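**Student:** The structure under discussion is supplied below as structure tokens; questions concerning it will follow.
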Amino acid sequence: MSTALVILAAGKGTRMNSDLPKVLHQIAHAPMLEHAMRAGGALDPERTVVVAGHEAEMVRAATAEIAPEATVVLQEEQLGTGHAVLQARAALEGFRGDVVVLYGDTPFVSAETLERMIEARSRADLVILGFEAADPARYGRLIMQGESLEKIVEFKDASDAERAITFCNSGLMACNAEVMFGLLDQVGNDNASGEYYLTDLVELARAEGLSVTAVSCPEAETLGINSRADLAAAEAVFQAHARAELLDIGVTLTAPETVHLAFDTIIGRDTVIEPNVVFGPGVTVESGALIRAFSHLEGCHVSRGAKVGPYARLRPGAELAEDTHVGNFVEIKNAEIAAGAKVNHLTYIGDASVGEATNIGAGTITCNYDGVMKHRTEIGARAFIGSNTCLVAPVTVGDEAMTATGAVITKDVADGDLAIARVQQTNKPGRARKLMDMLRAKKAAKAKG
């Protein structure tokens with residue numbers, strides 16, 4: 001049976017106190033909407049529909065980046081969850097499979113949970129996702145009779161016995177498309193808020209003799225985000241889970257609580273991560289690497305045995321081959337560092353390639369930007385770049401070539417050549433004492449007025 005996703009992303013998120021739509025606030029460097037879409041993507045959906053409302057164009061633009069094949073529809077008035085799903089009807093015209101309804105502000109539901117919901121749909125007409133709440137608070141209660149879901153009772157309407165139930169409603173559901181929209185046509189808004197509730201489908205389905213069941217998942221998967229405090233708590237949940245997974249696969253985190261990971265961070269076994277390291281999106285670290293304290297990595301690839309930091313920054317496009325060294329206060333951007341090369345101190349390497357076993361001296365700068373365009377620097381294998389060298393791109397330094405300390409290299413250096421490009425030193429005997437005496441006299445005269 002084919003599957004479609006309907007992701008509700010229309011809420012304004014008033015408590016976020018933000019100009020940004022709630023679903024576009026980020027957890028682990030990805031919008032909450034992307035987390036929901038990634039989980040749903042594991043079902044290989046035939047269609048994906050995002051229901052937008054507040055700042056719909058921002059949601060539309062973000063959706064196009066995350067999943068260009070998805071359709072965005074508009075809920076012009078916020079008239080409840082049932083009304084929101086109805087806005088997806090035209091986008092699902094002709095679809096006869098199962099529809100899974102997700103929430104863009106509930107980012108942690110797992111692919112495994114969604115797969116279990118689809119499996120349960122083969123046995124029931126309507127499937128609701130529930131969870132055992134540690135503190136049921138004011139959640140709606142799922143009233144079960146064996147495997148059958150009898151009804152959903154909102155907290156305010158629940159009896160004392162029903163409030164004692166800890167199996168609660170997450171809001172997520174799965175249902176055949178024709179059945180779902182047929183039931184939604186019957187949902188009314190005769191309630192205090194004048195809204196159309198998706199949860200009314202349970203009662204309507206049972207009234208038509210349809211079977212309804214519930215699938216359970218861990219409470220953490222149903223965490224909804226409504227405020228900045230919720231967002232911070234969700235970030236902490238994600239980070240704790242991601243760190244635990246790394247520890248389980250054989251990565252050493254010397255101070256786990258200080259390491260910040262992105263949603264897509266990949267780190268191989270036997271890699272050591274020291275304290276206060278930040279991983280932005282798009283980072284892969286192979287096995288046996290060392291990432292030292294206070295380093296920041298994003299959009300880069302670190303190969304086996306490489307050493308990074310402390311206080312290093314790897315920006316998008318940085319590619320470190322095996323056994324490379326990138327040391328303290330070094331920044332690498334859009335550059336390939338070949339096997340065994342060393343860039344150990346106080347250096348910027350941008351839009352460049354560094355050959356195998358080459359040594360880059362402290363203070364080296366690739367001058368890659370002319371104010372309008374970026375240019376590349378090519379450094380060959382087994383070269384030696386002297387400290388405080390400025391490489392003015394575009395420029396090439398050949399294999400086994402050298403640059404003298406303090407050189408400003410504006411011309412290509414051939415294989416094996418030594419390039420010296422600095423002003424010749426001149427010493428003036430006794431001039432320093434005379435100069436200092438003159439300066440002190442000026443200072444004294446100024447002090448006297």
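Glycine residues also receive a Cβ, built from the backbone N, Cα and C atoms like all the rest.
From Swiss-Prot, here are the annotated features:
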type	residues	note
REGION	1-228	region 'Pyrophosphorylase'
BINDING	8-11, LYS22, GLN75, 80-81, 103-105, GLY140, GLU154, ASN169, ASN226, ARG315, LYS333, TYR348, ASN359	UDP-N-acetyl-alpha-D-glucosamine binding site
BINDING	ASP105, ASN226	Mg(2+) binding site
REGION	229-249	region 'Linker'
REGION	250-449	region 'N-acetyltransferase'
ACT_SITE	HIS345	active site, proton acceptor
BINDING	ALA362, ASN368, TYR369, SER387, THR405, ARG422	acetyl-CoA binding site
**Student:** Cβ under 8 Å to the region 'Linker' (229-249), counting only same-chain residues 6 or more beyond its ends: which ones?
**Tutor:** 16, 25, 27-28, 107-108, 220, 223, 256-257, 259-261, 263, 265, 267, 269, 273
**Student:** Looking at the recorded positions LEU8, GLY11, HIS345, ALA362, TYR369, which has the shortest Cα distance to ASN226 (Mg(2+) binding site)?
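**Tutor:** Checked the recorded positions LEU8, GLY11, HIS345, ALA362, TYR369; minimum Cα distance to ASN226 (Mg(2+) binding site) goes to GLY11.
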**Student:** Of LEU8, GLY11, ALA362, which binding-site residues are close to ASP105 (Mg(2+) binding site), meaning a Cα within 10 Å of its Cα?
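**Tutor:** So the list reads LEU8, GLY11.
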**Student:** Please list residues from the chain of GLY80 (UDP-N-acetyl-alpha-D-glucosamine binding site) whose Cβ is under 8 angstroms from its Cβ, counting only those at least six apart in sequence.
**Tutor:** ASN189, SER193, GLU195, TYR196, TYR197, LEU198
**Student:** Going by C-alpha distance, which of the binding-site residues ALA362, TYR369, ARG422 is nearest to GLU154 (UDP-N-acetyl-alpha-D-glucosamine binding site)?
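**Tutor:** Nearest listed residue in space: TYR369.
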**Student:** Max Cα-Cα distance in Å among ALA362, ASN368, TYR369, SER387, THR405, ARG422, the residues listed as binding acetyl-CoA?
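**Tutor:** Roughly 22 Å, rounded to the nearest whole number.
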**Student:** Quick one: among the binding-site residues ASP105, GLU154, which has the most Cβ atoms sitting within 10 Å of its own Cβ?
**Tutor:** ASP105
**Student:** Measuring CA to CA, name the entry from the recorded positions HIS345, THR405, ARG422 that ends up nearest ASN359 (UDP-N-acetyl-alpha-D-glucosamine binding site).
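**Tutor:** Going through HIS345, THR405, ARG422 one by one, the closest to ASN359 (UDP-N-acetyl-alpha-D-glucosamine binding site) is HIS345.
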**Student:** For the region 'Pyrophosphorylase' (1-228), what's the model's average pLDDT?
**Tutor:** 95
**Student:** Given the binding-site residues GLY11, GLY104, which one's Cβ is surrounded by the fewest other Cβ atoms within 10 Å?
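**Tutor:** Sparsest of the binding-site residues GLY11, GLY104 by Cβ contacts within 10 Å: GLY11.
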**Student:** Same-chain residues six or more away whose CB lies under 8 A from the CB of ASN368 (acetyl-CoA binding site)?
**Tutor:** GLY350, ASP351, ALA352, LYS374, HIS375, ARG376, THR377, ALA393
**Student:** Spatially speaking, which of the recorded positions HIS345, ALA362, TYR369, SER387, ARG422 is closest to LEU8 (UDP-N-acetyl-alpha-D-glucosamine binding site)? Use C-alpha to C-alpha, please.
**Tutor:** TYR369
